[in-house]
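Working notes for the structure below.
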Amino acid sequence: MYLFQLGLRRAATQLSKSSFACGQCLCQQASPAPPSHILKLVAARAPAIRSYATKTKSPIASLSKNIQNEKTSNKTSEKKSSFPETNAKSVGYWLLGSAASVFGIVVFGGLTRLTESGLSITEWRPVTGSLPPMSAEDWDSEFEKYRASPEYKLINPHMDLDEFKKIYFMEWTHRLWGRFIGLSFVIPTIYFIARRKVTPRMAANLVGISALIGFQGFIGWWMVKSGLKDDLFAPGSHPRVSQYRLATHLAAAFACYSWMLLAGLSVFRTHRALGNPAYYTGHFSALQNPALNILRRSVLGLTALIFTTVLSGALVAGLDAGLIYNEFPKMGTGYMPPKAELLDKFYSRKEDGSDIWWRNMLENPSFVQLDHRILAMTTFTAVLALFAYSRTGRVQAAMPPNVRKGVLGLVHLVSLQVALGITTLIYIVPIHLAATHQAGALALLSGALVLGQRLRIPKNTVALVQRQLKQGAQPLKTQALSQKMQEVAKNAATKA
């Protein structure tokens, strides 16, 4: 029985399903329909559709991916530089205010020298010297130190304590003003850089100016120290500071002022350009005119000539060369002193006389005044020539209005400065005229710097204006202005 059941099971597994169904059911079962033509096409195209689907993405997926990419790019750009692309306007106001303060201390420093007050304080105490003597004992101590100086022994042996206090307060105010400039610049510099109120380039400028201010304080004491030693001037001669150190001190002050002025003006120029990009697009394009190339280089050379004339004036002040030949245009019987006076062997320190030329040019009061006269008249002539050249056809047509005004202002400043110089010389260097003449020199240099800044094409500002135009709301007009700004930026980069 068991063997019979096992054989039945094996036979059932080998039979098909039709063996167990009736014939009527098999007839009623519908035969499968043949596949349609559309299904055949879909089946044929299925591999291509699957490959295309893998390559392409849905709009929502691509949009989300773009947003993620923008976020990551913004994060990476923020990590690279957290400094802004433009400086805050407050930085510009602060820089121009600091420049005005330097202008004032330059004039006051001239008054300190003219009143012979610079050697009244014989020590350099950057911190403790901020306070004046507070008691009678302190005043006696300071006066006793001054009595040991060559200036008191040779020039002021009859000076009393009240007269000493006058010259002491002049020098003390000059030094206190210098400390104020240093603190009022260094502390805001740290704040602006820490708060990211300035661009990286402006941050480097601020650090450089701060270092120059600190170095200027050292130069000031180095200059005063030269007037406190007998071995730095001939025995029995008028005690004075070294004219070389005086010129260095004045040059550093002028450089500091110029640096502050140009940095402050650049801040406002950038903000004006971004506030009116359409106007400044045409303005920068006009500055690209080849007719202005010679004018631009001439202004640069004129600025260097004015600075050289200022340094020669410092030599005149250091040697008191303005107290001789108080007439103009002649110097004595002729337009220049005798050759024997100009090339005096007294100033030569070598036996072969190889240094007689440059020693007399820098140490002989007669030769130094002649140098200053020649440089001053050369500067005056150069400014007039620049004005005449700017009124020629091609140049006048290409000049923007602010450049035209700058050239005319330079003519006014140099005319006033020449008149002040001649008047100061004829009246034997009165204090008020001499101080005004020194202020006029700094004003003339300011005019040249402003004119040069107006002729300059700032590449960074051009790039910012170009970017702002691309993001404008008027497509057609913006595109035309953007193309013009691209041409300006390309020309500026080529010249650089």
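Placement of Cβ uses the backbone N, Cα and C atoms for every residue, glycine included.
Here's what TrEMBL has on this protein:
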- 72-82: compositional bias 'Basic and acidic residues' (COMPBIAS)
- 63-84: region 'Disordered' (REGION)
- 91-111: transmembrane segment (TRANSMEM)
- 176-194: transmembrane segment (TRANSMEM)
- 206-224: transmembrane segment (TRANSMEM)
- 244-268: transmembrane segment (TRANSMEM)
- 299-325: transmembrane segment (TRANSMEM)
- 370-389: transmembrane segment (TRANSMEM)
- 410-429: transmembrane segment (TRANSMEM)
- 435-452: transmembrane segment (TRANSMEM)
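The stretch with the most CB contacts under 8 Å to the transmembrane segment (244-268), chosen from 91-111, 299-325, 370-389, 410-429, 435-452, is 91-111. Same-chain neighbours of the transmembrane segment (435-452): 103, 106-107, 110-111, 114, 254, 257-258, 261-262, 265, 296, 299-300, 302-303, 306-307, 309-310, 313, 403, 406-407, 409-410, 413-414, 416-417, 420-421, 424, counting only residues six or more beyond its ends whose CB sits under 8 Å from a CB of the stretch.
Residues of the same chain lying 6 or more positions beyond the ends of the transmembrane segment (410-429) and with a Cβ under 8 Å from any Cβ of it are 114, 322-323, 325-328, 376-377, 379-380, 383-384, 386-387, 436-437, 440-441, 443-444, 447-448, 451.
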